[in-house]
Ligand code: DUC
Ligand code: ZN
Ligand code: ZN
Ligand code: ZN
């Protein structure tokens, strides 16, 4: 099996040049000019951007949450990801409090095994760190290839760990070469505000937003940075949304610490005005909530300053019927928003096309940094000889409109309905096979492989 991609403009996190790519089997074999190696299939990419496959390191597929399951299965979610140029996702396993990490891994495997179309990996969310869990960390890192451990500083009683457990977990993870990631919001403050608003009869989606003010995120982000600094364990803040939280990270850099920061596409593009309507605002009920325009500006600047390292999605879709579970009480609206399919095109159109970030930066935050930070580089996240042939071919001029009727995610609305984008993904290659060609998926479920990840250095 071989594939030749001719005359494309190749963009990596560092390079920008026109060349041909020859792919043999699953790997990139040769990059050069005027290649005339006989190939099973040839794609003419003249005038196109040729980039590494996107990596979305924050998705929740078929996840049990708030009394229901997120609506994309491993099959529909990973297929939608490929349509949008994301060739690999990292999903979250949730430990059940009182139970082992291994039991959770088995449960997640029972849903995902054989069902993915794109490649995938897992983060292991530790929700109960104790003497028994502690013994499992080394096995996950060294044998399962799961080297990142997610924590929650909110959702008390279900997911949250306290600072005592956080410190102990970070010490253990550091010992074995892993990374701790965090949902950094102050759970007690939020629980208080949710209860207060409910008691006052303030029950619309707007109060979801007003129950998680910026300070709840800024405080927890600073606290996490401190514990990470004290333990020396590499730390990564997921879905950072606001100026206050980014300033806590900025402050940490003054002692020469780097905490990795992920934001999500919605926090760059949407703002809290969407909650100032009736129940329709439930489409954007997610945690943390959307913020203000000034926060969007901070995040774009943070990308260019190297403080924000990754743009993910926190894809956690719920159908409208599921959102209606909270029609009389914002605290019962399943939290999450669908974006797995649109991250790459939205970030290109609104970021690169509109001049906010460079093409190299685009590839860095959407493809390369996720691979580097999470122990998969250079197998994933770049275009280089011997790397996996995960490639996106994007037409930079083509325009298209986002609409729920045309997307591939298993959800009956779009958070970006009617958005007109410039730049469209034409072809996606996953490990040497054409996965998407002009809107058609050519791979079956089961093609997607579980990627065992390596230890992490905490540096990029
Ligand atoms: N936030 C969400 O919006 N959904 C899933 C989990 C989370 O932290
Ligand atoms: Zn979260
Ligand atoms: Zn999440
Ligand atoms: Zn599209």
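Backbone N, Cα and C atoms are what each Cβ position is placed from, and that goes for glycine too.
According to TrEMBL, the protein carries these features:
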DOMAIN    49-434  domain 'Amidohydrolase-related'
MOD_RES   150  N6-carboxylysine
Quiz prompt | Those residues of the chain, 6+ apart, with a Cβ under 8 Å from that of the residue listed as 'N6-carboxylysine' | solution = 92, 123, 124, 125, 126, 180, 181, 182, 183, 238
Quiz item: Does DSSP give the residue listed as 'N6-carboxylysine' helix, strand or coil?
Solution: strand
Quiz prompt | the domain 'Amidohydrolase-related' (49-434) [mean pLDDT, rounded to integer] | solution = 98
